[in-house]
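Working notes, beginning with the structure itself.
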Ligand code: SF4
C-alpha cells in the first residue's frame, strides 16, 4: 500500500515533531511512507472563515498531489474533517481522494488493523477529544484504544472532555473574550486531572490549550498523541 | 385569497445592535450570569440526554422530523393555502402579514375592534420577534405576559435570553427581588423558594386571566389538513389564555406548518424530550377554529412571513426553517453558555439564532452572528430535526461582508499557500525570521513560546502563549534524511 503523509501547514511550520512521530510509527510497523513535497494546506481556515474562492486552489492542489496514493494520513482531526466532509461538496472530483484520507488513529485501527504500536511512555496522561475528530470524523475512542496499549502510561479521565476548548480557528481571534472564557474552563478541567501531559489529535487546539496552560504555569505539557505513540523508551 | 408577495428581509427584534464580540464582553465578565447559565444549561442538558437515551428509535424519529419539515419547505405555498382553507372552514379568520409592522397593525386593529385595552399573552416568540408589546403599548393597549419566565422578564424591564427559559439568566434571589419591586400584589414576606415564587405569580396571573377579553398566543404547530393550531407547554397558563377570553389572536410564523394531523406523532415525541427533558409535556392544547359555546368565539390567525420567504429561497440555508424552537442547541452550546442570550441581539439566541437571524434580516445586517461559533458541532448532534448548523454557518460566512484588513491578509495567505514553491519559501522565511526571537526568549526563559505580541496577534497572546516556528520545519527534516 502506498501511504502518503499529509503533514498540514501548522504541523509543518510549528509542530514538526508530530510529523516525525507519524513517520516513525509507520516505519516501525513496516510501512513505507512518502511525503509529496508539493503539498501545502487543506484550505480549512479560508473555507471556514468565509473565503471559499481563496480556498479552492488549495483544494485542487490537494487532489493533484495525493490522488495517486492508496491512503493518505494526516495527524489532524480538523484537517481530515475538512477534506472528508467539505471537499466532496466544494469540488466533486475530490470525492475519491477524500474517502482515502484518514486521521492517524483511523489509519492505524481501521485500515492497518493495529492497536499496539509498540510504544512506551511512563507518564500520567489525559486526553481531550477535539471537536472535529469527535463529531465530524466520529473517531470515537480509537486514539484512546491506541494509548491504552502504551506501556507505562497512566491514563486519567478529563471531565467535560467533549466540550469545545474555544479555539475554533479564527474564532479565537474574532471572539477573544468568549474564547478565553472557554479556554479557562478547559485548562481548569485539565489541571483537575493531575495529569502531567495533555494529549489530543489536533495541534491547533493543543496550541490553544497548551498556550493557556503555559500562561498559567500549570506544568502540564500539551502534546499530539502521535508523539506519545512514537516513544519507545529507547533513546532515539 | 392568495398570500402577498413577500419582502426580501424581515424586521423587528432580530437584529444585533452591537457586534457579537462587543455584546458578549459584559456577559463574559459577569460571573453571576455565567454561574446562572452554567448551572441551568448543565442541568437541562443532562435531563435531555437521559430521556433521549431511553428512546430506541431516536435517530429514526429525527430523520422523520427532518423529512417532514423538508417536505413542508418544498410545498409551503400550497400547504399554507390548504391551512387557510381548513381554518376558515372551521370558523377562524386568517390574516397574512409580510413583515413585523404589518403583523402588529393587524393585532392592534383586532384588539381595538374587540373593544379591549389589555391582552393576556402566551407562547409568543413570534410576537417578541415582531415587537408586538411595544406596538400595543404605543396604541394604548397593555400586554401581560403569562408565561412565568416571560412575566419575570417583563417585570424586570428586560428581554428574553433563552428560547424556552427566557429568564434563564436570573437566579431565584434575583427573581424574588424583581417580584417584590414590581408585582404590586406580591406577598410582603415572599421567600425565594421556587414554590413560593410560583404561587405568587399564579395568584397574580389568575386575576389577569379572569378579566382579560382578548388573548394573544403563538403556536408550536399549524396543521394544514385540519386547520388546527397546537400549543405545547408546561405551566397551564396557555390553557387559560386559549380558553377563557372571548377573542383569541394567534401569531404564527409561516414555517410552523405541518402537512397532516398524524405528523404531530413525530413532533410531540421530539419536542418535549429535546426542550425540557421531559417524556411528555404537561399540557398540549389544540384548537380548530371556533366551537360554538366553548372557548373563544372570535378566533384569528395571523400568518407572519417577516423574512421567511427569503430563507426559503436559499437551498443551503433553508433547513433553518425546520427549527421547532426546542432550545437543545442553546443548552449544549459552549459559546451561548459564556456569552448569554442577549449577546445575540435577537429573540433567537444561540446556534439557531446565529443562522436564523442573519437569514431573516439579510447577512449584512447581522454579519457578526455567523462567526459566533467555533463550529464545534455540538448543536448539530442534538438538534431533533437535524439542522446542520455548522454547514449553514460556513455558508453564511461566505456571504458576510469581510473586514478589508482581514480580506487582504487572507488573500495574501491564500496566494502563498496555493503554490508549493511559495509555501516552501514562506516556511523558510517564517522559521528563520522568528529564529532570533525564539532563541532570545529561549535563552531568557527556556520557553519556545511568545507571551506578548502587538495587534492583531494580541487577540491571541492576551490569554495564551503562542508557539514559535520550530527550528526546523517538517519538510526540512524530511529533506535531510
Ligand atoms: S435548531 Fe434544532 S436544536 Fe436548536 S432550537 Fe431549533 S430544533 Fe431545537
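Just so you know, glycine gets a Cβ as well, placed from its N, Cα and C.
Taken from TrEMBL, the feature domain 'Cysteine-rich' covers A:3-84 (among others).
Averaged across the domain 'Cysteine-rich' (A:125-209), the predicted model reaches a pLDDT of 96. If you look up TrEMBL, you'll see A:125-209 (among others) marked as domain 'Cysteine-rich'.
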* Kindly report the helix/strand/coil residue split of the domain 'Cysteine-rich' (A:125-209) according to DSSP, in that order. => 42 helix, 11 strand, 32 coil
* Using DSSP, how many residues in the domain 'Cysteine-rich' (A:3-84) fall into helix, strand and coil? -> 48 helix, 9 strand, 25 coil
